[in-house]
Amino acid sequence: MRKIIVAGNWKMNKTRTETEKFFKELLPLVEGKTVEMVIAAPFTNLETAIRETKGSNIKIAAQNMNPKENGAYTGEVSPLMLKDLGVEYVLVGHSERREYYKESNEFINEKVCSAIDHGLKPILCFGETLEQRESNITEKVVEEQLREGLKGVCEKGILNVVLAYEPVWAIGTGKTATFEQAQEVHAFIRKLLTEMYNEEIANEITIQYGGSMKPENALELMSQNDIDGGLIGGAALEPASFAKLVEAGSSI
Ligand code: PEP
């Protein structure tokens with residue numbers, strides 16, 4: 001059985017004090033939940049987040065990573081530094097990084113491979129823009145992002161990767177893909193993984209949906225055959241709201 005993962009992406013939000021407060025409120029709300037819970041916090045809050053979640057079943061993710069171990073890369077953070085802190089997951093290829101920082105599929109692929117090599121689990125994000133959807137090239141775009149993002153990732157390595165399909169037009173816009181639209185792309189991704197690897201592996205890989213997921217639509221989306229949880233931005237910033245998303249993921 002593949003894992004359902006409910007992950008929050010805080011983006012550039014919250015101070016350390018706010019991080020402490022969030023987890024103090026969240027922990028009692030999600031105690032005993034068996035679904036995998038992940039919070040992707042800003043670099044400055046990772047240590048606090050790890051300390052506050054110690055002994056709980058909440059895992060902490062970084063929102064980005066440089067593929068290199070060290071060197072003259074001012075402002076960057078390496079996989080060794082993340083591992084040293086106790087980080088387990090790392091977001092790679094989020095559409096905001098692809099768009100604002102011009103990250104290419106090639107660079108994203110370097111990060112995926114480096115994360116795996118260093119024992120971190122990459123959450124590889126990908127998805128089409130509105131223009132691409134309207135031009136009927138969603139599958140082509142998704143296939144290219146996946147084939148290039150996963151280049152050189154072997155059968156053993158892929159089992160440490162989480163995929164997050166996030167249509168760009170649905171991120172932070174309040175516009176969610178309908179469950180039919182999301183399931184259609186997720187089924188396509190599963191089929192593609194069967195071609196790239198094999199059926200057994202394709203059935204093992206968690207494919208999250210992301211894009212304006214909230215407590216009101218989470219259950220419907222997460223109940224689809226090929227949707228294995230969510231990557232959530234805005235609705236993951238408040239403990240009560242994140243707990244409701246966890247509740248939805250737990251009830252599947
Ligand atoms: C995201 O940041 O990955 C995301 C899906 O954001 P939102 O839920 O706010 O659309």
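Any Cβ shown, glycine's included, is placed from N, Cα and C.
Look at TrEMBL and you will find N9, W10, K11, G172, S212, G233, G234 tagged as substrate binding site. Just so you know, the Cβ of K11 (substrate binding site) picks up 18 other Cβ atoms within 10 Å once every protein chain is counted.
Annotation comment: TrEMBL describes H94 as active site, electrophile. DSSP assigns H94 (active site, electrophile) to coil, not to a helix or a strand. Same-chain residues at least 6 positions away in sequence with a Cβ under 8 Å from that of H94 (active site, electrophile) are, in sequence order, N9, Q63, N64, C125, E166.
What TrEMBL records for E166 is active site, proton acceptor. Counting every protein chain shown, the number of other Cβ atoms lying within 10 Å of the Cβ of E166 (active site, proton acceptor) is 27.
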For N9 (substrate binding site), what is the secondary structure by DSSP, using just helix, strand and coil?
strand
Max Cα-Cα distance in Å among N9, W10, K11, G172, S212, G233, G234, the residues listed as binding substrate?
14
Ten-angstrom check, please: count other Cβ atoms within 10 Å of the Cβ of W10 (substrate binding site), all chains counted.
22
Site of maximum Cβ density within 10 Å, from binding-site residues N9, S212:
N9
Which entry in the list of binding-site residues, G172, G233, G234, has its Cβ near the fewest other Cβ atoms, using 10 Å as the limit?
G172
